[in-house]
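**Student:** First the structure, then my questions, so here it is.
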Amino acid sequence: GWSRMAVALDAVWVRVKNVCKQNGLLIMSVLAVVIGCLLGFFLRTRRLTEQEVKYFQFPGELLMRMLKMLILPLVVSSLMSGLAALDAKCSSRLGLITVSYYLWTTFVAVIVGIIMVSIIHPGGAAQKEDSEDSGKPIMSSADALLDLIRNMFPANLVQATFQQVRHHAARSDTKPAAFKRKLNASFICFCFDDNGTDIQNFALDLTPPPDVLIRTREGTSDGMNVLGIVIFSATMGIMLGRMGPNGSALVNFCQSLNEAVLRIVAIVIWYFPFGIVFLVAGKILEMSDPSAMGKKLGFYAVTVVFGLVLHGLFILPAMYFFITKKSPIVYIRGILQALLIALATSSSSATLPITFKCLLENNHIDRRIIRFVLPVGATINMDGTALYEAVAAIFIAQVNNYELDFGQIITISITATAASIGAAGIPQAGLVTMVIVLTSVGLPTDDITLIIAVDWALDRFRTMVNVMGDALATGIMAHICRKDFMKEGDGVSFKSGFSFLFCLGRKQLNSQQEDD
């Protein structure tokens, strides 16, 4: 009896060791988030100064800097090498299916948000607050949309790696009364960088009074112009693919660069558990009053989180299952590391290198599919953001006892979908695009101050849904395009088609062996 028990215990111990060995990084990441939360709430009782909190966050700041360092080389190399490896016919088909799928899932997310906020009706539990006034420059949503289009076509590619185009508005008015009226009509938006420090504040307004003259001038804001870089890299990749042997040297360079970046990611990812403890704890230390915030906006936050859970854990996996006939649980298990980093950093761009690594190594998705679908998704696929904007707009309408008709709800749906797609190209994306959505149905923009208090927390859950949507879309596109490539071999050159089919056959054989 004792010998059997000893053998059973040995077997359990070996299994536990194997699980820890295979999922060691994931386990450490979960522990890091838990330890960070506990440490943050404990240190709140110590009344640290702002400077001490900044010093405390330094290891977490290093993690964010490492991840952001890898965004530019990964996006450029993955898009250029990925599209260059595909024939023009295949790349155009893949692009059309990918963009159509992203648009559809974003619109579904908006509908889910509208249904949730209509059922729960959180606006009845909230009260309005007066916003503070400021004499800062004004930025209209029209300028923001035009800046989005300008950023799609950067005039200077080097500048696009660290700056975006943003028009600044200057007010010219000699009448104090008109100036005050203008001020009262403005919404004050406080811009924060990723570490939560105040960069600048500006007012958002759409309807300046006739006696106030507004002049706009072109300027820049710090931050990588991801949208412009994605469009240029995708175009360059397609052209390199059409050049054939003449473009092989640059394609080989991009492939080598992509491989080198992934190896750097493999090193950086082991720093993640340590850095995330200080990042999460630092964010908790920056909160002004968590209990008051929760009481004030609890129903609104619950509505957003419930909608995100419904969309991210039920609708998107269900679409993956019905299209691929594969288990979404197994697939999502492979990207848990990326989802944790999305929760901790609240940045889908910073999570991009980790998502790339998870899909490649854990889920065994074809490298060329990942190189195209993932960067495009990180730029235009913002399901969580679209859902949040729809919920917030109707929440503000409920707070003001404003009844929205069916046409206005449809307007919110379309506007939230379009605004979230362009969010990556607009500074302070969530707040500026929210103004666009509110203005489309005539809701007061100054009521955005109601939701800013909990936006930092909801942003992390939105980012998780965005990253999950990108990852599931990559798996779906790999499944769809595998069939297309096998059926329509004329869309690929003989050499690339043969190698692609060989890889597919090997992967299919491996998957069958795993299933057995």
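The backbone N, Cα and C atoms fix where each Cβ goes, and this holds for glycine too.
Pasting the feature list from TrEMBL:
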type	residues	note
TRANSMEM	25-45	transmembrane segment
TRANSMEM	66-86	transmembrane segment
TRANSMEM	101-120	transmembrane segment
TRANSMEM	223-240	transmembrane segment
TRANSMEM	260-285	transmembrane segment
TRANSMEM	297-323	transmembrane segment
TRANSMEM	335-360	transmembrane segment
TRANSMEM	372-397	transmembrane segment
TRANSMEM	409-438	transmembrane segment
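What's the neighbourhood like for each of these?
**Tutor:** Residues 94, 161, 224, 226, 229-230, 233-234, 236-238, 240-241, 247, 250-251, 254-255, 257-258, 261-262, 264-265, 268, 271, 341, 345, 347, 349-354, 356, 367-372, 374-376, 378, 492, 496 of the same chain lie 6+ residues outside the transmembrane segment (66-86) yet bring a C-beta within less than 8 angstroms of a C-beta in it.
Within its own chain, the transmembrane segment (101-120) has Cβ neighbours under 8 Å at 299, 302-304, 306-307, 310-311, 315-316, 319, 376-377, 380-384, 386-391, 394-395, 398, 409, 412-413, 416-417, 420-421, 465, 469, 473, 476-477, counting only residues six or more beyond its boundaries.
Beyond its flanks by at least six residues, the transmembrane segment (260-285) meets 25, 28-29, 31-33, 35-37, 39-41, 43-44, 48, 53, 56-64, 66-67, 70, 73-74, 77, 195-196, 337, 340-341, 344-345, 353-354, 356-357, 360, 456 of its own chain at Cβ-Cβ distances under 8 Å.
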**Student:** For the transmembrane segment (335-360), I need the partner stretch with the highest count of C-beta pairs below 8 angstroms, choosing only from 223-240, 297-323, 372-397.
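**Tutor:** Selected stretch: 372-397, with the most Cβ pairs under 8 Å.
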**Student:** Considering only the recorded stretches 25-45, 223-240, 297-323, state which has the highest number of Cβ pairs under 8 Å to the transmembrane segment (372-397).
**Tutor:** 297-323
**Student:** Against which stretches of its own chain does the transmembrane segment (25-45) lie, if we need a Cβ under 8 Å and a gap of at least six residues from its ends?
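**Tutor:** Residues 56, 269-270, 272-274, 276-285, 287, 336-337, 340-341, 343-344.
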